[in-house]
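Asks: Please find one structure pasted underneath; my questions will follow.
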Amino acid sequence: MSFLDLPPLHRAAGLIRLPGSKSISNRTLLLAALAAGDTEIHDLLDSDDTRVMLASLRQLGIDIAPIGPDSYRVKGAGGVFPVKEASLFLGNAGTAFRPLTAALALAGGRYTLSGVPRMHERPIGDLVDGLRQIGAAVDYLENPGYPPLTLQPAAIRLDRPIRVRGDVSSQFLTALLMALPLSGQAAVIEMSTELISKPYIEITLNLMARFGVKVERQGWERFSISAGQRYRSPGTIHVEGDASSASYFLAAGAIGGGPVRVEGVGRDSIQGDVAFAAALEAMGARIEMGANWMEARSPAHGKLKAFDLDLNHIPDAAMTLAVAALFADGPCTLRNIASWRVKETDRIAAMAAELRKVGATVEEDADFIRVVPPASLTPSASIATYDDHRMAMCLSLAALGGVPVRILEPECVAKTFPDYFERYAEVTAPVIAIDGPSASGKGTVAARVATTLGYHMLDSGALYRLTALAARKAGVAWEDEAAVAAIAAALPAEFEGERILLSGEEVSEAIRSEEMGDGASKVAALPAVRAALLARQRAYRRWPGLVADGRDMGSVVFPWAECKVFLTASAEARAERRHKQLIAKGVPAKITPLLQDLRERDARDTARSVAPLQKCAEAELLDTSNLSIEQAVAAVLGCARERIH
Ligand SMILES: Nc1ncnc2c1ncn2[C@@H]1O[C@H](COP(=O)(O)OP(=O)(O)OP(=O)(O)O)[C@@H](O)[C@H]1O
Ligand SMILES: Nc1ccn([C@H]2C[C@H](O)[C@@H](COP(=O)(O)O)O2)c(=O)n1
């Protein structure tokens, strides 16, 4: 069985650009396919569930072309699927299965829809009942009330309101709402029970409106669509970041100190799960929010507070609260979450079982769960994930209790967040940032510290040197900001141990020349080049930790680094070191021009407008003019031991 061992984590701080929202991605794909005209969709989520929807729509004859990273052009079929007979396999993607069932029931073709075994255990009877009321020919292929399904052409009549239950899944209502405009007739849906997860219906109505179809809503009991409304492409749609995925990072910030900032959702979001931030705030976490971002930090004093909340409106993000409860100052109760029982797994039972493994006392019932946090978490729990992405992501937060945690079958996160664990490491792995001027010994010291601690290493100067070399090879002037930035953004560089490759060619020595050092300093002064290399540098932050050396590691790239060192030495000592280094390599060199060159480089690196070389207030100053390498290494290790838990 596959597994991932998370190390004990003590702190979370950093910045995450969220993947696209699953709910918005799959709704938008379907609406774009049903609309008249072409739609460009940008920032689409790339995950198992969206791949299922893309593949199904293509199978149904919809022309969908990639036009860039996470961007597609969908040629709308104007409400008529070109393919009239198909057998679709929809995995465990509820956001594909339910809406496609309704849309295909009105499409006048012969279709079968099936999924993985768990999908065949997830109820769909309420939706089928609703479709049958309007004359749709939908039949169960195995067990009544559950997929797989078969659909046949039928005459659709909308002469009476459709009565549908809303207390098992709001996706049934979403599916009907999105499909009914295909009939061209006036349609009315009346809820026969209380509707759960209302914010998901708001997403549906919002997106339908963007595609030109207006739904009149009377409370949450009755929905009307007037006759003759057709989907029309809005032209371009940008998918927001996923608010449910944001919950793991916000919780990490609330548990592990923070700040953890997520970009892609914020105050202007159409997703109900942004309300998760309010629940964290109720626990005492400090939350800040902008139009398109949210940020969480631990309470100013003491632990997170216990809670007793009705979480019906945020069923997915509520799972994250169940794990945050491990860090609360008392028992926490999550109410009105019966829908958890029919999700990817029975999430109430699964959550209870796994929280017990890390030491919590858990009480569960049909629609609530109560978590009593332990005094300290049980180390080395093996967490089962039930082929449920959210179980894996939520339970990863337990490691923030300073205990190792094993996540079994971690690949299940691919359903909505394929690189979740890499991103989680980017806010939780400890960082030692070593900045300083040229030839101060940063690289030498950083490499030895990394080896001693078993940490990863980032030589950020090498990226600027590689950019300068790549520009030279491409005949691009080092002053040409836009062209050099384009090179930096797509830098074909690989690091294989000591070997550095550019487009497959070894350049380990070539980038170390004084000329490339000078070129690096010049391209590094260009803001667009620095911006192009920022995310790439941050991606080096991996468990168990990172030692990063450069000029702006502590100030810009890793401002959250636990341990920051400003390593320096007098210009004379540095010129002498560089001289020795070059002579040892058999490169002829003279002290005076080296000293002159170092001073010029210092001046340029210090005076530039973006990310200048400077000592941050919180960085430890280490002057190595009169220190041996061993003494310098010992000093940095001392700082790391003191500042990293
Ligand atoms: N106390 C010391 N600490 C670190 N390095 C030292 C020390 N004394 C001598 N050196 C030597 O100084 C030389 C320059 O070190 P290094 O290349 O690590 O510097 P750097 O700051 O990374 O330079 P650059 O920024 O130009 O890459 C190396 O040959 C190293 O062995
Ligand atoms: N984080 C960094 C790293 C390097 N640079 C620039 C400035 C240096 O002159 C040049 C080469 O770096 P070195 O290999 O000597 O460490 O790259 C920077 O601006 N920011």
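For all residues, glycine too, the Cβ spot is worked out from N, Cα and C.
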Asks: From the candidates Lys214, Lys343, Lys357, give the one listed by TrEMBL for the same 3-phosphoshikimate site as Lys22, Ser23, Arg27, Ser169, Ser170, Gln171, Ser197, Asp316.
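Replies: Answer, per TrEMBL (3-phosphoshikimate site with Lys22, Ser23, Arg27, Ser169, Ser170, Gln171, Ser197, Asp316), from Lys214, Lys343, Lys357: Lys343.
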Asks: Over the span of the domain 'Cytidylate kinase' (432-639), how high is the average pLDDT in this prediction?
Replies: 95
Asks: Could you list the residues of the same chain, at least six apart in sequence, whose Cβ is under 8 A from the Cβ of Ser440 (ATP binding site)?
Replies: Leu567, Thr568, Ala569, Arg574, Thr624
Asks: Closest to Thr444 (ATP binding site): which of the recorded positions Arg27, Gly94, Asp316, Lys343, Lys415, going by Cα position?
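Replies: The smallest Cα gap between Thr444 (ATP binding site) and any of the recorded positions is with Lys415.
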Asks: Between C-alpha atoms, which of these binding-site residues comes nearest to Gly94 (phosphoenolpyruvate binding site): Ser170, Lys343, Gly436, Ser438?
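Replies: Of the binding-site residues Ser170, Lys343, Gly436, Ser438, Lys343 has its Cα closest to that of Gly94 (phosphoenolpyruvate binding site).
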Asks: For ligand 2, which among the binding-site residues Arg27, Lys343, Gly436, Ser438, Ser440 have a CB under 6 Å from it?
Replies: Ser438
Asks: When DSSP is mapped onto helix/strand/coil, what comes out for Arg27 (3-phosphoshikimate binding site)?
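Replies: For Arg27 (3-phosphoshikimate binding site) - judged by DSSP and reduced to three states - the answer is helix.
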Asks: Beyond the listed site residues Gly436, Pro437, Ser438, Ala439, Ser440, Gly441, Lys442, Gly443, Thr444, identify every same-chain residue whose Cβ lies within 8 Å of the center of their Cβ atoms for the ATP site.
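Replies: What remains near the Cβ centre is Val445, Asp549, Leu567, Ala569, Arg574.
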Asks: Quick one: what's DSSP say for Ser438 (ATP binding site), helix, strand or coil?
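Replies: Assignment for Ser438 (ATP binding site) reads coil.
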Asks: Run through Ser197, Asp316, Lys343, Lys442 for me and report the recorded positions whose CA is within 10 Å of the CA of Arg122 (phosphoenolpyruvate binding site), in sequence order.
Replies: Lys343
